[in-house]
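Novice: Okay, here's the structure, questions in a sec.
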């Protein structure tokens, strides 16, 4: 196929030069005819025996004259004595000749159509086959990779590779190859014709062409360089935006929004300057190219015409053949270059794809190797296992772990998040191999066993079970292939799922929806348990199987689990004690080691990890249940009852920790680094990855739903630049007129060849060549004008939009930034790309449109003026020509859109497979998904084949339209020349004017994608600008008052984070602080301590209940005013990348701060002496995020920053927890000084920092369980007492 396609492409490529041969002959014919007409228009000549002679009577008259009259004869009469050059006449039937040429044209056109069709469809066909193969191999290879590989490769990335990268390969091996061959052939043939027909002229033209090449090369070089400079200049501003957005809470807390916008805007100026230079240089080079081209035309015609007229080496037709031969060759060489780009892109994409295809997985799940044991007891043992995840090699998850799990027993793993419990389970499934040590089953190292067989022994039920988007019965069948319906029913009965399934209208054929979305948590869990049971596993792994459920479903599921545990080796991971108490053995994990092991009662006596977990939990349970009881007594509304359900230990540690590490004021480090805190258990990590990729898919969908913005609104933002735009449009209009003028000159040259008087002829030729030079010079200046004016207006618009966008972003409430769609990365990209894409709808776009319109307008007016009949005929073809022009533009961009739709079904399967790879690996269902995927590839393949035909036909048509137009118009032109005495040069003039403008029309239509993109980008931008934040920073509304006391009261506050509406963080918080008092919050992670601080800062507003400040409700207080009264020091203080002095000054952005104030604040925070010891003192740069300083130093700068505000309320969120003892002392002293005379809220984990507080509030699950002074609480002997006496850590 490829060979035939290539042959067709080569033949097709030679068609255009062939057409030139015909064209040359045709021109000669016209010129001959015109000369004949000119000769015969002299009334003294006549046509005799097909040669032109003087008329008879003329010569006779002369003979009769006597000598004396000779002197009176003027020159023109003398002429008659010279014998005439024998010019034939009367033979040439112009209409017949034209008909002949018309048939030539039609013939070439038909050939072109057929060749074009074959070259394209064959290549596209071949490509479709290869691509289908690549997709198959790639997906089946990816499904064989070990889980560790998926940790390091994001699912989103794999999905794009499967769609975009493979499409890029497709572009590189399909039509582009054929088009490239065709263009290259045309290039070669064009030059051949030039050299064969007239080497002298060809050499002259070729001599000038390096100038164009140099121009194009320099332009590319400069543009690349300037773009680099522009991006670099913008990178500075982008870095500022990124820094500000990733520390948005700090910016908000210190009211630095307006300051940041100005800092950002300052850095945009240089980017704008480079952008304008780029526009100017592009204009300059485009102008230069046009200038050279026109000078070339002038030179070629001047030299060529002297060859035709003076030495008579060429006929006029040869001149045209040579000239256009070289011109077409050069153009095609230029057009072939985008194909090279496609090749390069394809090669780049292919390297990544083939790398994956060639990679051998470390744990190959589809391999047949490894042996299978005949009898399995189910003893599992860990021998000194050390392990870290391949994606985070610096964090040790398991540290020489040794655990024995006996067969038939239920072993429970407990411990804080990140202690390595889930990891241990994943090692048993052999998702990973340990770095040191080994895991054995019945004494055999599991690395020696067959993987599929090993995994088939295990049933696993996870915290968030994954169901596939099919029916319930099918989901359970995934557990074991070929399982009978009876087995399914028994399994569902055992899992307590049978009844609820039978209640559904479609029973077992109910679809569970994408990711099981149609089912409740409890139903999903029970289906997952049934799926695990149907395997009849020897080993049952329960990873927090009930943590996501409410009390009722928990009881049901728990009962199901107790039923099925009998006689199997069971490992259960849980945080709720109710689920663990009756396990045979409980193993306590901490920091990747198993540090205690025994029964429930034994471990309680040991007062270790297990004990801490139990005490905190039971206290919290008691308190919540009491509260629920009171509520139930007060009012029996169903809504209140749901609270008691939430009483189950829902904020299971893991969720709570994840939530803390996200929501804490301090962890404003961007998302990625949260995991480094080692706080996120691997599972949580995996789950959040999945969520992200799902969200990413939705996000794309949402992104596409934006209504494109009206152009009027975009232009409104560009109004201040109207003079630039006006001048730019003028330049564009002149540039548009150049093409028609060119055709005018071109036909004028042909006309001169038929002038018989040599002197007049020479004069005309010279003047036309001069005119060419003039047009070139004019277009040079107008191109420059157009380039500069539009780039100036565009860059100014971009800068204005960026500033407005950044301003709008900083004005949003904090909850908006929690949404993953608004992560700092996404927002900075939006500022960088969207704003610059909007340019596409204004500046250069308008230029392009004006250019095309004037081009077409001038051409049509001119044509009608010269010959309206011929013009009408050609206009019939114009839509087709324009269509073909547009079509070719479309060809270059390729037809990726339709492919995407066809790929959707396959994409869904691959997406589901990659997102749930762990579940699939656990069930051993990789092969099943590969087969389903391959089955789905057939539809896109068929579509591609169909496309190949359509596409080939369109291409052939687009190519042959021009030939057909030419044939019709020259034939009709011949008729007009003959019958109506139209001058032949006008035929050429009209035809070339309209054909060139037609292609210009096509060009203009090809610019629309940019335009559509710009409108969507603009719409996204305007969405941002129009969004009204829930808590407005920029408004002056809200109360302000003079004697701010700092009296704080939380009344029955309930709150959930907007991004996690299912987790109740505050659950009726009641606590009050008088002015000048210190309130300390203690409690386990995730109990809502930091959240209450954020409500006070008004980063969020409570869902129910009120926060009162000096007796006024916080929602009615002016936001900047309120924040200006609060100073905050958090666990991980965020510093900005500037000097220490500027960082301290950041504390108060509303006024100018004197150096003395800074120094006194620094002294108060024990910082001054340290700063003075630095070489640059207060001008020392702290580095990005304060990286040049130690933690204690950063803390003290943060304290100085808080003090300089002179706040009435001081919030200390674990301000000393990250420090070693020495720096802690220093910082603690600084804090005690700072607290004097201020209302203070302290959050701490170390008791030493809290003992001397006025009020200590012990929190659990968003609710205060006990409060009072240290002594009072010790006397109560409640939760606080236990924590202090056992010395167990509070967290």
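Note: Cβ is positioned from N, Cα and C throughout, glycine not excepted.
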Novice: When you get a sec, could you say which of 254-273, 314-333, 334-353 is annotated transmembrane segment by TrEMBL?
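Specialist: Transmembrane segment, as annotated by TrEMBL, spans 314-333.
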Novice: Out of 179-201, 202-224, 225-247, let me know the one TrEMBL marks transmembrane segment.
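Specialist: It is 202-224 that TrEMBL describes as transmembrane segment.
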Novice: Please find, within the list 765-790, 791-816, 817-842, the residue stretch that TrEMBL describes as transmembrane segment.
Specialist: 765-790
Novice: Quick test of your reading of TrEMBL: among 720-740, 741-761, 846-866, where does it put transmembrane segment?
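Specialist: Of 720-740, 741-761, 846-866, TrEMBL gives transmembrane segment for 846-866.
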Novice: Would you kindly list the residues that approach the transmembrane segment (765-790) from elsewhere in its chain, counting only those six or more residues past its ends and only Cβ-Cβ distances under 8 Å?
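Specialist: Distant Cβ neighbours of the transmembrane segment (765-790) are 276, 279-284, 286-288, 290-295, 297-299, 301-302, 305, 309, 724-725, 727-728, 730-732, 734-735, 738, 741-742, 745, 748-749, 752, 843-844, 846-847, 851.
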Novice: Mean pLDDT for the domain 'ABC transporter' (380-616), rounded to an integer?
Specialist: 77
